[in-house]
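*Asks:* There's a structure below that I have some questions on.
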Amino acid sequence: MDAVTINSFFLVAALLVGASVLLSALSSRLGIPILVIFLAVGMLAGEDGPGGIHFADYSIAYLVGNLALAIILLDGGMRTRVSSFRVALWPALSLATVGVAITTGLTGLAAAWLFDLNLMQGMLIGAIVGSTDAAAVFSLLGGRSLNERVSATLEIESGSNDPMAVFLTVTLIEVLASAQQDLNAGFLLLQLLKQFGLGAGIGLGGGWLLWKLINSAKLAPGLYPLLTVSGGLLIFALTTAVGGSGILAIYLTGLLLGNLSLRSRSTTLSVLDGLTWLSQIGMFLVLGLLASPHKLLPIALPALALAMWMILFARPISVWIGLLPFKNFAPRERWFISWVGLRGAVPIILAVFPMMAGLPNAQLYFNVAFFVVLVSLILQGSSLPLASRLARVEVPAPPSPINRSGLEIDLDSQWETFVYRLSDEKWCIGSPLRDLRMPKGTRICALFRDQELLHPSGSTCLQSDDILCVIGHERDLPALGQLFSQAPEQDLGPRFFGDFLLEAAANLVDLAPLYGLDVSEVADQTLGHFIAHQLGDNLVVGDHVEWQGLIWTVAEMDEGEPRKIGVRFLEEDPV
C-alpha cells in the first residue's frame, strides 16, 4: 500500500465519518434511528451508491465489528447501575438463553421454508438473527425514560444474549461444514456453559484486577481512559481465545468498573462516550459498505416475510415463554419487550462467520441477515416512541443538571459539580439562598447571572435564568433536581403520578378520612407496605395499582423500597 493509497483512505474515512456526524441531526427530525443513518451513508458510499467504493473484505468487517462491539459494551456496562439487577437480572438471563433458543428455532423453521433450505441451514439463519443487539438497544433506549424493569431487562438481555447466539451459530457452522446432521446434547451443553462460565468468570475476575490496577497507578489524567479501554480489550481477547464469550466478559468488566470507586471516572466516561459514537459510526459504515443493494433485491420478499415473522411471532412467543416465571411483568411490559427485539450489528457480524468458513449459501445468509437488520432498525426503531406510549412504560424523566463533571478530590468520595439553569416556574426564584433546604453535604460554589460571576451569600436572591454550580454527590441528584432542574420536555404531562405525593411511611388509617378509604382490613399497614403487597417484589417507579377508585403510583424509590406514592382519580389520564 503506497502513500497515495493511504492518504486516499484517510480522506474517504474522514469524509464518511464527518458526513455521518452531520447527517445524524436528521434522525430526530425524520424519526429514523440514528444507526440507520450511519448504515445508509455506508451503503451510499458503496459499490451500488454514488460513492462507488468496492469493499468486500469480510475479515476487516469482522475486525471492525468486534472492536466496535467491545467498546460499546464496555461503555454500556460502565453506565449500568448494578441496582437494576435487582429487578432485571433473572428475567434478562431467561430471555438471553431460553428466549434466544426459541427465537432461533421458530425463525429457523420459517427460513428453511422460505428459502428452500434444509433444516440445519434454516436454523443457522435463525441463530444468526436470533439475538438482540447491544449497540442498537443502548443507542435507541438511551434517550428514553422507561420504567426500570423494562429498560434494565432489555439492556442486560442485549449485553448477555450474544454468547447464546455465537454458540448456536458456531455449532451449526461446524455441523454443516462436517456434513453431520445430528447434535450431541452433552457436547452442546458443555460448550454453552463454557461460553457463559468463562465469559462471566474472566470478565469479573479480570475486571477486578483492572480496577485495582487503575486505582493504584499514578498516571496523567488522560491516560486512565486508555488504560481502561486497553484493559477491557485485553479481557475481551483473552476470553475469546480460551473459548469463552468475550462480549459477555467485557460487558461485565464495564459493569464492575462502573459500580466501584474508580480513579478519573468522569474523564473515562467522557472519553468512552466519544469512542462509543466513533465505534457505532465506524461499524455501521463498514457494514453498509459491505452490503450490495442489488444482491438484496432477489431475496427481498422472502427476507421481508422472515423479518415480519420474527418480529410479530417468534420474538413475542419467546418473550412470553421466557418471562413466564416472572409474575411482576405486566402484559403491556411484555408486549413492549417483545416489540423491542432490536437487531443490529451482531447478526451481520455473525453472518460473516459462514463467509469466512466457506460454507455454501454463505452469501445468502449474509444478505438475509442484513435485510432483517434493516427492517428491524427501520420498523421497530422508528416506532419505539409510539410503542412506549401505547404500552405506557414511559415514566417522567428525573430532573437532571444541564452539565455535570467529576472532581478528582478523593477516590472514595466521588465529588461532582452539577450545573443548573433556573426557570421561571421553580419555587426558589426570589428566595434567598439561606432559605433553600439543600441536601446535606452539598454546597453552591458559583452563581452566574447575565454572564457575570457573582459571589453568593446567604442573602443572595435567585432570579430566573441564573446558573448555579453545586458541589455534591450522585446520590444528591434527586433532591437537587427538585430544587433547581428545568422540567424535561415530554408528553407525559405533570400529573403522571397525580396531584399529590404521599410518604410511603404514612399509615393507611391516617389517610382514610382524607380520601374516603375503607381500611378496616389493612388498618395496621403503611401505604408503602400495602402497595408492595399489592404489586409484589422488585417495585420500580411507575408501577401502579387501582384501589377504591384511585390510582396509586410509585413515584420514588429508595434502596429498593417505595419512598413516595402518587395518587390520582381513576378517570384522570396521566398522558
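Cβ from N, Cα, C; glycine included.
Pasting the feature list from Swiss-Prot:
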| type | residues | note |
| --- | --- | --- |
| TRANSMEM | 3-23 | transmembrane segment |
| TRANSMEM | 30-50 | transmembrane segment |
| TRANSMEM | 53-73 | transmembrane segment |
| TRANSMEM | 95-115 | transmembrane segment |
| TRANSMEM | 122-142 | transmembrane segment |
| TRANSMEM | 196-216 | transmembrane segment |
| TRANSMEM | 232-252 | transmembrane segment |
| TRANSMEM | 271-291 | transmembrane segment |
| TRANSMEM | 304-324 | transmembrane segment |
| TRANSMEM | 335-355 | transmembrane segment |
| TRANSMEM | 364-384 | transmembrane segment |
| DOMAIN | 404-486 | domain 'RCK C-terminal' |
*Asks:* With the transmembrane segment (95-115) as the reference, find which of 3-23, 30-50, 53-73, 196-216, 304-324 contributes the most Cβ pairs under 8 Å.
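*Replies:* Comparing 3-23, 30-50, 53-73, 196-216, 304-324: 304-324 has the most Cβ pairs near the transmembrane segment (95-115).
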*Asks:* Apart from its near flanks, which chain residues at least 6 from the ends of the transmembrane segment (53-73) lie with a Cβ under 8 angstroms of it?
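*Replies:* For the transmembrane segment (53-73), the list is 12, 45-47, 134-135, 138, 159, 229, 232-233, 236, 246-247, 250-251, 254, 272, 275-276, 279-280, 282-283, 286-287, 289-290, 345-346, 348-349, 352, 355-356.
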*Asks:* Taking the transmembrane segment (271-291) as the reference, which of 3-23, 30-50, 122-142, 232-252, 364-384 gives the largest number of Cβ pairs under 8 angstroms?
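*Replies:* By Cβ pairs under 8 Å, 30-50 leads among 3-23, 30-50, 122-142, 232-252, 364-384.
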*Asks:* Do any residues, 6 or more residues outside the transmembrane segment (232-252), come within under 8 Å Cβ-to-Cβ of it, and if so which ones?
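*Replies:* Tertiary neighbours of the transmembrane segment (232-252) are 66-67, 69-71, 73-74, 76-77, 134, 159-160, 162-163, 166, 191, 194-204, 206-207, 210.
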*Asks:* Please count the residues of the domain 'RCK C-terminal' (404-486) that DSSP assigns to helix (H, G, I), strand (E, B) and coil.
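*Replies:* Final tally across the stretch: 14 helix, 29 strand, 40 coil.
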*Asks:* Could you pull out which residues elsewhere in the chain have a CB under 8 Å from any CB of the transmembrane segment (364-384), counting only those six or more residues past its ends?
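*Replies:* Sequence-remote neighbours of the transmembrane segment (364-384) are 31-33, 35-36, 39, 111, 115, 124-125, 128-129, 133, 136, 140-141, 144, 287, 291, 295-296, 299-300, 303-304, 306-308, 310-311, 339-345, 347-348, 350-352, 354-355.
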*Asks:* Could you tell me the mean pLDDT over the domain 'RCK C-terminal' (404-486), as a whole number?
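*Replies:* Summing pLDDT over the domain 'RCK C-terminal' (404-486) and dividing by its length gives 82.
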